[in-house]
Amino acid sequence: MSVGIIGAGQLAYALARGFTAAGIVSAHKIIASSPEMNLPTVSALRKMGVNLTRSNKETVKHSDVLFLAVKPHIIPFILDEIGADVQARHIVVSCAAGVTISSVEKKLMAFQPAPKVIRCMTNTPVVVREGATVYAMGTHALVEDGQLLEQLMSSVGFCTEVEEDLIDAVTGLSGSGPAYAFMALDALADGGVKMGLPRRLAVRLGAQALLGAAKMLLDSEQHPCQLKDNVCSPGGATIHALHFLESGGFRSLLINAVEASCIRTRELQSMADQEKISPAALKKTLLDRVKLESPTVSTLTPSSPGKLLTRSLALGGKKD
């Protein structure tokens, strides 16, 4: 099995790093494409031994499972570009927020009658094999296609199948969730520094507290509120701290954050369905389209980071 990733940003790096760390796909069986070859993530992928190219078509050609790991506004252009190269063997996995299965299928069905499409929402902790992933099956995707994707994503964290109409809510919760956690951790560390702790120690203690709390919850059958109560001694420091959080609307802020992310995802979906994008996204789309339509299709191989080659990548004929 070979894996292609269109896009070479943070998600692409996280997926490649997770898959190789899990041993489910070797680096030489992964190919990623990007119009920009000077990105930090591209350098990191190159160091891992991942095959790199500027050509999205080449990525399709040398993959069985194809991840679309680009921003939602660029998906239509990507599909127009690669549609003729997608074959019956390909499983096309869209990771773009708000991009529906039907919109991807509609584009690809201009080139073939039954494209196998799966919509996926994951998050960046797949890089340390602690990701949270859900997926929904497209009209023509087979049971074994879903099983293959679940095998891949389960190797880098939690993975389960859901109905597509739940994915927007998942985006608001676990898709955006790591950012909430990082912001909370940064604030906790600031609190520690305010009280006299060195920054490095404050960050480490805060991160360990969040990690330990998450593991306690996942390893038990207790409700989060019960675990919270277990930390609170009558009249103690923790219950006073929780009272302060409650008075500041801590719970409501988190609930509203999940809702805001979900609503924005639905707005992106509506804009995509109507083929409308924001002015800022339009400007970026035009720039990206120029890069996509560039005649240069040279390949950067991991073994020669400074040398451009025009030959095809040899990813091996045998399937894992």
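Glycine is no exception: its Cβ is also placed from the backbone N, Cα and C atoms.
If you look up Swiss-Prot, you'll see 6-11, Ser34, Asn56, 69-72, 95-97 marked as NADP(+) binding site. In three-state terms derived from DSSP, Lys71 (NADP(+) binding site) belongs to neither a helical nor a strand segment and is classed as coil.
The secondary structure of Gln10 (NADP(+) binding site), as reduced to three states from DSSP, is helical. The NADPH binding site annotation in Swiss-Prot covers Ala8, Gln10, Leu11, Ser34, Glu36, Asn56, Val70, Lys71, Ala97, Asn230.
Counting only same-chain residues at least 6 apart in sequence, none has a Cβ under 8 Å from the Cβ of Ala237 (L-proline binding site). Among the features that Swiss-Prot reports, L-proline binding site is placed at Glu164, Ala237, Thr238, with the record citing similarity to another entry.
What Swiss-Prot records for 295-305 is compositional bias 'Low complexity'.
The N-acetylserine annotation in Swiss-Prot covers Ser2. The Cβ neighbour count for Ser2 (N-acetylserine), using a 10 Å radius and every protein chain shown, is 21.
The feature phosphoserine is assigned by Swiss-Prot to Ser304.
Positions annotated as region 'Disordered' by Swiss-Prot: 295-320.
In this structure, the binding-site residues under consideration are Gln10, Ser34, Thr238, and the one with the smallest number of other Cβ atoms within 10 Å of its Cβ is Thr238. When the binding-site residues Ile6, Ala8, Leu11, Val70, Cys95 are compared by the number of other CB atoms within 10 angstroms of each CB, Leu11 has the fewest. Checked against Ser2 (N-acetylserine), the binding-site residues Val70, Glu164, Thr238 differ in C-alpha distance, with Val70 being the nearest.
Checked against Glu36 (NADPH binding site), the binding-site residues Ile6, Ala8, Gln10, Ala97, Glu164 differ in C-alpha distance, with Ala8 being the nearest. Within the set Glu164, Ala237, Thr238 that the record links to L-proline, no two Cα atoms are more than 44 Å apart, and one pair reaches that distance.
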